[in-house]
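Copied over from Swiss-Prot, here are the features:
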- 1-24: signal peptide (SIGNAL)
- Q53, N202, E203, F348, E477, W478: beta-D-glucoside binding site (BINDING)
- E203: active site, proton donor (ACT_SITE)
- C222-C230: disulfide bond (DISULFID)
Amino acid sequence: MALKAILFLGLFLVVIVSPITVYGGAVCPASSTFGRGSFPDGFLFGATTSAFQHEGAAEEGGRGSSIWDSFTLKQHSESNNNLDGRLGVDFYHHYKEDVQLLKKLNMDAFRFSISWSRIFPHGKKDKGVSETGVKFYNDLINELIANGVTPLVTLFQWDVPQALEDEYGGFLSDRILEDFRDFAQFAFNKYGDRVKHWVTINEPYEFSRGGYETGEKAPGRCSKYVNEKCVAGKSGHEVYTVSHNLLLAHAEAVEEFRKCGKCTGGKIGIVQSPMWFEPYDKKSTSSPSEEIVKRAMDFTLGWHMEPITHGDYPQAMKDVVGSRLPSFTPEQKEKLKGSYDFVGINYFTSTFVAHTDNVNPEKPSWEADSRLQLHSNNVDGFKIGSQPATAKYPVCADGLRKVLKYIKENYNDPEIIVTGNGYKETLEEKDVLPDALSDSNRKYYHMRHLMALHGAVCEDKVNVKGYFVSSLMDGLEWEDGYKTRSGLYYVDYGHNMGRHEKQSAKWLSKLLEKVPDTIQSKVDSDSRKEL
């Protein structure tokens, strides 16, 4: 274990300390060292938060409850854990100082989500609008723009108003399409004159699987044979219904966006959450490795990319899932096709994948349908990537490059924004502040992924326009609670939610420094001499 740690640290030092000369091409400029100047002009660098994870102020300004309020309260009361997500990190009251953190990081952009129930407390416009909630996002957007930071706004990041969940089951019902469309239209009309980058749905794969297949996320529905904690749900069925309605809701919002006069010049997209898959056994003769990887991509990324690009689900899913997979009408297919200006990608890690026939047809599930088995090691014992002891998943930056290239080749070479990429680590209560701030592994993670991204943009010519760190600061990591941290800034939950700069933030701020044109011209000239 000690040797492994030394090797990991050694590799980290080589990557971080050694100067990296980057030679440009048709897409990217040459630069003497790796940094902001290595990427094309206008490339956006930003950081993220989300409403439920960070805002707090759950009962202020007339905000209504969401399914995540209910879910975390239930989990908190049953297990006495630290999962009361209503606390967030009080971004609601600290947003002005948090915008200054973005400036200190030399960030160009900030991605955040709107809490549906903070705007429409009962989920519906005709049941009342919270003007306090409307003002909060208005003030936040103005504060960002006044400080030279571009807002990228997500409409739905998993927090369905509890009122709609109670009324008709949220995304289990197509009744939500009209309510989501009204919410989207309202947001576009209020903020579209200043917000020019919009996301409809964040990670439909994660929301539908976690909430309606495994029960690990709100609203916690699944079959007992999947998760004993679930008290309601139907795995292998509801997951497909919810995904179907998410896609249709996305299309409704995009159609509304296209009509929005204030939104002229803006762009809208959806955020996907793909992993990359490597074959567990490349020498297997029973199941070709290419077919397994393609099936894995179809059941994850393709599930929600094929419909919005080509108008229907992947054939591999239709063949296996059959009647449990809802069908699109001809009109819905036309509305879905091409319903995005960019694709957002949240990427965190990769895995090995193998075919399995070990499924029970009497217990339907997405996992059984996919016939996929995931492994951290391949058949020869090699790991997919390095994984420090506290890390939530292996560091596999090359997977980001492969995912981006896959999207370019399979989905009409779209404009892409890496809307989330971050290192999550679980810290014990005994970990003190100085240890948490010394996050060298997070620096290593982001450097490796930025280098992989550079390869995708500059060598593979993937049309990537931006990179967002997930996240700006620590917050509620959904079902993992507050012990798992992913921020560039440490949040001291026990002392007034104080923000503390981690080493990764200092490093990234330096990396993203804007070089004056006169200095950059000399750098470019010197770089050409080296050639």
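Cβ coordinates are placed from backbone N, Cα and C, and glycine is handled just like the others.
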Exercise for the section: Please report how many Å separate the Cα atom of E477 (beta-D-glucoside binding site) from that of C230 (disulfide bond), as a whole number. Expected result: 20
Practice task
Starting from the beta-D-glucoside site formed by Q53, N202, E203, F348, E477, W478, give every other residue of that chain whose CB sits within 8 Å of the mean position of their CB atoms, in sequence order.
Solution key: S50, Q157, W158, E206, N346, G420, S470
Problem - Residues near C222 (disulfide bond) in space but at least six apart in sequence (CB under 8 A) - result: Y212, E213, T214, G215, C230, G233, K234, S235
Practice task
Going by DSSP, give the three-state secondary structure for E203 (beta-D-glucoside binding site).
Solution key: coil
Completion exercise
Same-chain residues at least 6 apart in sequence with Cβ under 8 Å of the Cβ of W478 (beta-D-glucoside binding site), in sequence order, are Q53, G210, K217
Handout entry: Most crowded position, judged by CB atoms within 10 A, among E203, E477 as binding-site residues
Key = E203
Handout entry: Packing count at N202 (beta-D-glucoside binding site) (other Cβ atoms within 10 Å of its Cβ)
Key = 24
Problem - Largest separation between Cα atoms (Å) of residues that the record links to beta-D-glucoside, namely Q53, N202, E203, F348, E477, W478 - result: 18
